[in-house]
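Participant: According to TrEMBL:
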ACT_SITE  168  active site, proton acceptor
BINDING   176, 179, 194, 197  Zn(2+) binding site
COMPBIAS  366-375  compositional bias 'Low complexity'
DOMAIN    39-297  domain 'Deacetylase sirtuin-type'
REGION    1-38  region 'Disordered'
REGION    349-375  region 'Disordered'
């Protein structure tokens with residue numbers, strides 16, 4: 001079960017539940033860098049040279065919340081004013097991570113739906129980092145990207161579905177959390193009720209207490225055959241975290257590159273494993289430098305412009321088609337109304353005038369007077 005994957009090695013609260021503060025769906029921890037112990041200089045240059053020499057043709061990427069913060073998506077830390085967990089006092093939850101606990105959700109789903117408004121698809125656009133990963137695919141080098149994010153931006157930027165493993169699910173689909181009946185994703189933007197069992201429908205985001213997506217288990221085939229592992233924007237701090245543990249399953253001869261704000265996991269140890277490299281600092285700046293070393297920067301910029309332009313055009317076309325459809329229906333209804341009005345008999349009909357110009361009532365009056373005088 002998913003909950004057990006996060007329980008070992010974590011602090012325990014007074015109520016016996018594991019404390020996962022800053023560990024589930026989080027970006028890099030706010031702690032001092034240990035770069036002084038493990039110099040990061042030269043990591044990008046070394047890996048870029050290997051890639052240019054054709055030594056890396058099956059690249060795996062493990063990505064965390066750090067790749068999406070440049071898109072304006074807050075992480076799940078308690079950072080004052082920025083982290084999503086920092087703004088939960090109004091929901092009166094027992095502890096912040098309860099919002100992603102399936103048992104708590106079953107009892108009170110409202111806090112989750114309120115929090116999730118900041119993450120729904122359509123509110124944010126992919127950034128340079130997402131397009132860098134797409135360029136790996138474009139170059140035929142991407143074996144798979146394993147993302148811990150639930151924002152779906154990897155697919156939004158154009159990476160094919162079969163190349164993306166969303167280890168924590170996403171908002172792209174929805175289902176009843178009890179009977180698993182699928183529902184349109186749009187239905188899960190409120191607090192919808194399942195029409196079959198009356199339980200709450202939720203986005204297919206993996207909660208504590210739920211099983212991992214079946215697609216996650218592709219790792220048993222992917223990691224043994226990878227020839228380069230790139231880890232970016234993740235804390236790798238939770239023991240037995242699905243993705244944190246995966247980074248140690250590549251062959252010992254496979255180079256691993258950490259792109260992060262801080263050294264984490266095995267990269268925070270001295271000495272580094274042979275073949276391990278890292279570049280620390282602002283992630284987007286680091287990825288742009290990496291692209292420059294590979295000679296990809298202009299291609300990525302062009303890819304971003306063309307893809308975002310196509311998305312914008314499609315959006316405008318959708319609005320135009322919707323407006324045109326509404327206008328067409330309006331005109332059609334007007335035409336139908338006019339046609340019905342012309343073809344239907346009047347509701348009341350006045351009697352015609354007599355040949356001498358008198359009205360029917362006047363003629364009747366005259367006839368009556370004539371009859372009385374004859375009497």
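Glycine residues also receive a Cβ, built from the backbone N, Cα and C atoms like all the rest.
No curator has checked TrEMBL annotations; they are predicted automatically.
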Participant: Cα distance, residue 168 (active site, proton acceptor) to residue 176 (Zn(2+) binding site), nearest Å?
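Facilitator: Checking the Cα atoms of residue 176 (Zn(2+) binding site) and residue 168 (active site, proton acceptor) gives a distance of 17 Å.
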Participant: I need the least crowded one of these binding-site residues (176, 197), counting other C-beta atoms within 10 angstroms of each C-beta.
Facilitator: 197
Participant: Are there any residues in the same chain, six or more apart in sequence, whose C-beta is under 8 angstroms from the C-beta of residue 179 (Zn(2+) binding site), and if so which?
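Facilitator: Listed in sequence order, they are 194, 196, 197, 199.
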Participant: Highest CB neighbour count within 10 A among the recorded positions 168, 194?
Facilitator: 168
Participant: Using the CB centroid of 176, 179, 194, 197 as the Zn(2+) site centre, which other residues of the same chain sit with their CB within 8 A?
Facilitator: 177, 178, 180, 181, 195, 196, 198, 199, 201
